[in-house]
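Here's what TrEMBL has on this protein:
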type   : residues : note
DOMAIN : 2-280    : domain 'Glutamine amidotransferase type-2'
REGION : 40-60    : region 'Disordered'
DOMAIN : 365-504  : domain 'SIS'
DOMAIN : 536-679  : domain 'SIS'
Amino acid sequence: MCGIFAYLNYNVNRERRYILQVLFNGLRRLEYRGYDSSGISIDDSSDPNTPQPSSSSSVSVPLVFRQEGNIESLVKSVYQEVDEKEINLEESFSIHAGIAHTRWATHGEPAPRNSHPQTSGPGNEFLVVHNGIITNYEVLKETLVRHGFTFESETDTEIIPKLAKYVFDKAKEEADQTVTFSQVVLEVMRHLEGAYALIFKSRHYPNELIACKRGSPLLLGVKELTEDVTNGSAFHNDNFLSKKGHPKELFLSSDANAVVEHTKKVLVIEDGEVVHLKDGAVSILKFDKDKGKHGGALSRVASVQRALSILEMEVEQINKGKYEHYMQKEIHEQPESLTTTMRGRLIRRGSCKSKTVLLGGLKDHFKTIRRSRRILFIGCGTSYNAALAARPILEELSGLPVTMEIASDLLDRQGPIYREDTAVFVSQSGETADTLQALDYALENGALCVGITNTVGSAIARNTHCGVHINAGCEIGVASTKAYTSQIVAMAMLALAIGGDTISNQARRDAIIDGLYDLPNKVREVLKLDQEMKDLAQLLIAEQSLLVFGRGYNYATALEGALKVKEVALMHSEGILAGEMKHGPLALVDENLPIVVIATRDSCFSKQQSVIQQLHARKGRLIVMCSQGDAASVSLGGSCRVIEVPLVEDCLQPVVNIVPLQLLAYHLTVLRGFNVDQPRNLAKSVTTQ
């Protein structure tokens, strides 16, 4: 969804040109989240006629630049306006705070007036960048209009800087003492409902920034420019964040990708925290909605202590390397990402090489899970499909009923969740809005909550009782590929761990573990179909629709393969449970509509052969995916186009089978001339409902 970024340099001289480059590059790192417009705010040259609130020195007036379209359109418009206004790009600032934003439209069309930063009005007294949705903005807007404010945009965000100005003006009228920036922001937060991550900038508080969040992700990066890189003492010092005077650079971002190239020292901001950057120090306040609610003056809130952590990622992970697109890179990274997912978790012991699975994040909760009345998988989109692929093996090995829930539907129905349930929340980002709300709902109902995410420190990772980190590595492309396969493997290992070491299923367990060890090699093998999938994409380039039939373990493969084609190639595609073919979908079959049938060797193979025969009898245009050596069994005299893939254990076959469909979706998108990494209207991390 929206991306927010801020850069503050303290006691280190930076030219305006450099500051702009840092802000633009921060936005480029956030492009993959999806956006339709962008904007930045920096300081103009100091105006000697405008005094600061707390000193006699001059204050810089914030400049705001906003543009519809991609970031390069913003860059071009900024430099054009800089030239027109004769703004000096070589002017140096020892202290400067800049903010930036990529917008994914929710309220109001993509247009400069609806882009961020949103302003309090003429003079840009307060500026805000926002990720999320303010649900009570209409009520607040009506109140502000009655107090004389006028609105230029259709966004929910515009009420925030205007509310900040209202709070500031009212406090200045009623109180003799100085009103602090944090007091203003805390009072604004007290009126907001919904999910948000916010960064505030104000001409009344020059060279200061305030960040706060509720629901949407936000982190702080700290780069101390005088620290001894061979000595970690500065990092471990409890007062590190509060040290003043030392030259440093501070970064705020909704995503670690925009920070890692500058520093690996970060603070993941928690819900309800207000982070105030001032004089090179970082103070953290805890928002309490009820505190100060009935008092006349703005309340002061005690600060809290937090420690920095180290990002476990490298800059190379967010670069394309030798590949043209992130999606292409991430498809081809799957042998390595699967290896990383399993590293240290598959164990062979003793001379008899007994095999087992070790999931340290769950070890204290296995007894509770095994005593559950049922297990619920809860997710959205690709994460839901991954859970669906893992459901059969979890039911088989655990003996527990496993139900599937799309997070938004569970919330809409207020479906029953009990204390005896185990709820497993699956999310690549760990910040998916609907999944997070479902997590809150499950916690309220007393269920044991397990998180399966790809993001350490994410909201789901922090708020669940236990979980598994899939270790797939950074995924930039909006269409999830390597995270999907790693999620399936992580949940297969979860099934093995929950199932225990009963003698009755030992042979099955050993076969699956052996299959897991060899799985990266099988994926390497199937990646050799790249050119074959490109040739197939060339044949399908002009098609308007695609059907994908699967059943058993590969019903999820049909759904996920169709989703990939739909979201990046912008072609209508539908994944269909093959057992439902005669209950409606068969009416669509003719000699023109391309149909993919997944018929690899498993317990459903003979049923899929029957499906192929019925589709062939109706002159269906078939593309059949089968196990190596089975082409003759499925091609019906050579009438079908066949994709042969390596045979693995049935519960792991979805990992292998999805790869050709990922490649097909990728090549279709490129050949059709669409943006494969940033599909139209879509965002990587859906942090709004």
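Each Cβ is built from the backbone N, Cα and C atoms, and glycine gets one as well.
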Three-state composition of the domain 'SIS' (365-504), taking helix and strand from DSSP: 67 helix, 28 strand, 45 coil
Per-region confidence, the domain 'SIS' (365-504) (mean pLDDT, whole number): 94
Tally of DSSP helical, extended and coil residues in the domain 'SIS' (536-679): 69 helix, 30 strand, 45 coil
